[in-house]
Amino acid sequence: MPGNTFGHSFRITTWGESHGRALGVVIDGVPAGLPLDTEIVQKELDRRRPGQSAVSTPRSETDKVEIISGIFEGKTTGTPISMMVWNKDADSSSYDNIKDLPRPGHADYPYMEKYGIRDHRGGGRSSARETIGRVAAGAVAKEILSIFGIDIIAHVTELGGIRAKEMPFDTIKEHLEKTPVRCADLEAAQLMLEKVGKAREEHESIGGVVEIIAIGLPPGIGEPVFDKLDADIAKAIMSIGAVKGVEIGIGNEAAQMKGSQMNDPFILEDGKIIAQTNNAGGILGGLSTGMPIICRASVKPTPSISKVQHTVNTKEMKNSDIIIKGRHDPTIPPRMVPVAEAMMALVLVDHMIRSGHIHPNSLLKQ
């Protein structure tokens, strides 16, 4: 199975399945000299782990990370970093009776068609638990970026049709973890919570929108044509399970605008060239402008719902019905927040290295 590696100069390979013994990641291209320990990585993993609130699956996993290689005396050595998390609370019993019934909205059917075999326990490799490796690697990327004044935050801006008000970066950062839905607009967050509760009562699920913002990126980061910064960001975010659409800046609204409305005029402020507006989302021609990078991801409702759905029994080759039991998230966006931040961080650190802003071998040579 190819396609498990992401990045160019800063590369990650994730491995493991939802109900396997463990999951993890190998990171290649981390410069030497970065102070790093398990506490830094664990902090990010704790943000994505299940069983923390009513808006997530009740599966109880501690997701304690072990750093296997690449660290000596508290600093990275420049060699590959390997990290792993043991699965402690995998319960496969609810999947055994549906192993021949492809779940609507899941990757079961195309996996079977492509490989002729699949791990039916919790979705195997296509499970959201695959993102453990992404978040662990993203924690490392975030640490590197912080040295250069780059900060990333993601938050839920829409859930079940409830939209949050726009807020400044600092307010989002302050309010983000005050509510289980990770929405900085606390009034909207309460309505979102009610929507989640209603969906759970109705054996349903709801989708939403996650916005990712990165500030502090210098202008000129990215590669033109096929390795454009926005193209790589879109690929990174689109690779997260359940994401069905990605927008950069004003996004789809650009199609209804005039050029005079869409263009971001440049002005000189304190000796620096900045844009008066940021419809472009901080990227022009595939290169950063120095303005905040803004990206939004449209996330579908959790496909695992406890309602009768039509499917096909692939063993008997006849139409059938399926009711999905087990422990599932009623909504995905709140738990996707740290995953989205991680993927943005991975793209940005990769391009910072490629552009020469970060030394590829050692931070001690900056």
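Start at 1 and count along the chain as shown; that gives each residue its number.
From the backbone N, Cα and C atoms, a Cβ is placed for every residue, glycine too.
As given in Swiss-Prot:
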- Arg48: NADP(+) binding site (BINDING)
- Arg125, Ser126, Ser127, Gly285, Lys300, Pro301, Thr302, Pro303, Ser304, Arg327: FMN binding site (BINDING)
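Features per Swiss-Prot, on structure.
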| residue | record | DSSP class |
| --- | --- | --- |
| Arg48 | NADP(+) binding site | helix |
| Arg125 | FMN binding site | helix |
| Lys300 | FMN binding site | coil |
Between the binding-site residues Arg48, Lys300, where is the Cβ count within 10 Å the lowest?
Lys300
Report, as a single number, how many Cβ atoms besides its own are within 10 Å of the Cβ of Arg125 (FMN binding site).
20
Hey, how far is Arg125 (FMN binding site) from Arg48 (NADP(+) binding site), Cα to Cα, in Å?
17
Rounded to the nearest angstrom, how far is the Cα of the residue listed as 'NADP(+) binding site' from the Cα of Thr302 (FMN binding site)?
16
Name the residues of the same chain, 6+ apart in sequence, whose Cβ is under 8 Å from the Cβ of Ser127 (FMN binding site)?
Glu17, Ser18, Gly241
For Ser304 (FMN binding site) and Arg48 (NADP(+) binding site), what Cα-Cα distance in Å is obtained after rounding to a whole number?
19
Cβ neighbour count (within 10 Å, all chains shown) around Ser304 (FMN binding site):
20
